[in-house]
Amino acid sequence: MHHCKRYRSPEPDPYLSYRWKRRRSYSREHEGRLRYPSRREPPPRRSRSRSHDRLPYQRRYREHRDSDTYRCEDRSPSFGEDYYGSSRCHHRRRSREREPYRTRKHAHHCHKRRTRSCSSASSRSQQSSKRSSRSVEDDKEGHLVCRIGDWLQERYEIVGNLGEGTFGKVVECLDHARGKSQVALKIIRNVGKYREAARLEINVLKKIKEKDKENKFLCVLMSDWFNFHGHMCIAFELLGKNTFEFLKENNFQPYPLPHVRHMAYQLCHALRFLHENQLTHTDLKPENILFVNSEFETLYNEHKSCEEKSVKNTSIRVADFGSATFDHEHHTTIVATRHYRPPEVILELGWAQPCDVWSIGCILFEYYRGFTLFQTHENREHLVMMEKILGPIPSHMIHRTRKQKYFYKGGLVWDENSSDGRYVKENCKPLKSYMLQDTLEHVQLFDLMRRMLEFDPAQRITLAEALLHPFFAGLTPEERSFHTSRNPSR
């Protein structure tokens, strides 16, 4: 049974409320995104649009976003935002509200102009000096005002706009210090809280780069960073679309099973590397997984009597480390975007690396079916959906949680005759019921997902174990290799 589409109400910008409160790490509450492409009329009961806070950095950005974070229609992004995915907001699925916070400085000086300091040597050309002497202007919310043809640091020439979000904006640049290579440059708003959060993310990216000098572990790597008149700027290699963007533009036609298998293997490989280095991503979702190259071919699906896009190269990179948390850092209570949030986070039982494993299980289901497994925005409903799909929540987790308001005599308190109750009853079924074919490789995929979706994080499969799962036996030697020629460096 195909899930029907429900709209959700946005949640508060967690990037502001959580990560900002800690000195070394932060997390955001990313909420509900509408994944079902059929229904577009407003909901009869309540708004169900998700509030993420991320902005994809895409190379073919065409339309200006009108909201804060990454996607406009139903998904809303987060600070770390989908690094290279497109931010074509007017046709997106999430709605986001512009974060109202404004420093007193920006409230009184809406359009502040500063003279750009010229760091060039005396031998620099007159044209370069003219570029450097242009005034630096911020808009009333602290975004850098920049145009095509502007230069930053006399190194980065802006050649395109990739998107804009709560955190700032992303532009496509030519890096003249590296042979005019294309980069996505993330320009943070000139606001203290965002500047500090960017420094935290830079620290994580530095650690990843230090541990992965040969870039074998499929994480987007920072090639440069600098402070430009109060705007923290981070440069990344320009990649393709994120996996949600591709899914959306393909009318939510699921990825073929071989594609799911290869992407799953790469995800497990990348996240195992992070976990072995005492780092938890905490915000895994399709928007934060990017294709290296999202070129595709159009094929005709005789079974569905329609054309569909098939990506030519399923190599991916993991992005958005704005919420990544080291084991020794403070762990905020709430992490992960709603649809990929594990039960231990909802029940406030504490979390660690298994949090990422649950998120991967949800992502694989979405790749396989084209819609989210847990289409909700509210904790109680989320837990009920988990029980309908995965079975009862273990009693020891119920006894330990402080969220006793959700339970009575060891069971969830839930009105099945309410509109939400009817929705869950009609649209949620045991996990295996979603299997498209009863063949060995499909059975193996669902076995892997079920192990990733264990309620008890202590019983959840580790990523080292997942990489040995029989589902990956069908990979080719080429798909198992992770060679890359990328070598981003400052």
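Positions of Cβ are set from backbone N, Cα and C atoms, glycine also.
According to Swiss-Prot, the phosphotyrosine annotation covers Y7, on the basis of similarity to another entry. Annotation comment: Swiss-Prot describes S9, S49, S51, S67, S76, S78, S135 as phosphoserine. The annotation region 'Disordered' is assigned in Swiss-Prot to 22-138. Annotated compositional bias 'Basic and acidic residues' per Swiss-Prot: 26-56, 63-76, in sequence order. The compositional bias 'Basic residues' feature in Swiss-Prot is assigned to 103-116. Summarising the annotation, Swiss-Prot assigns compositional bias 'Low complexity' to 117-130. What Swiss-Prot records for 156-472 is domain 'Protein kinase'. As annotated by Swiss-Prot, ATP binding site applies to L162, G163, E164, G165, T166, F167, G168, K169, V170, K186. Positions annotated as active site, proton acceptor by Swiss-Prot, on the basis of sequence analysis: D283.
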G168 (ATP binding site) to D283 (active site, proton acceptor) - Cα separation in whole Å: 19
Which of S135, L162, T166, all recorded positions, has a Cβ with the fewest other Cβ atoms inside 10 Å: S135
Helix, strand or coil at V170 (ATP binding site) [DSSP, three-state]: strand
Distance from D283 (active site, proton acceptor) back to E164 (ATP binding site), taken between C-alpha atoms, in Å: 20
Distance, V170 (ATP binding site) to S135 (phosphoserine) (CA atoms, angstrom): 20
L162 (ATP binding site) and D283 (active site, proton acceptor), Cα-Cα, nearest whole angstrom: 21
Fewest other Cβ within 10 angstroms of its own Cβ, chosen from the recorded positions E164, G168, V170, D283: E164
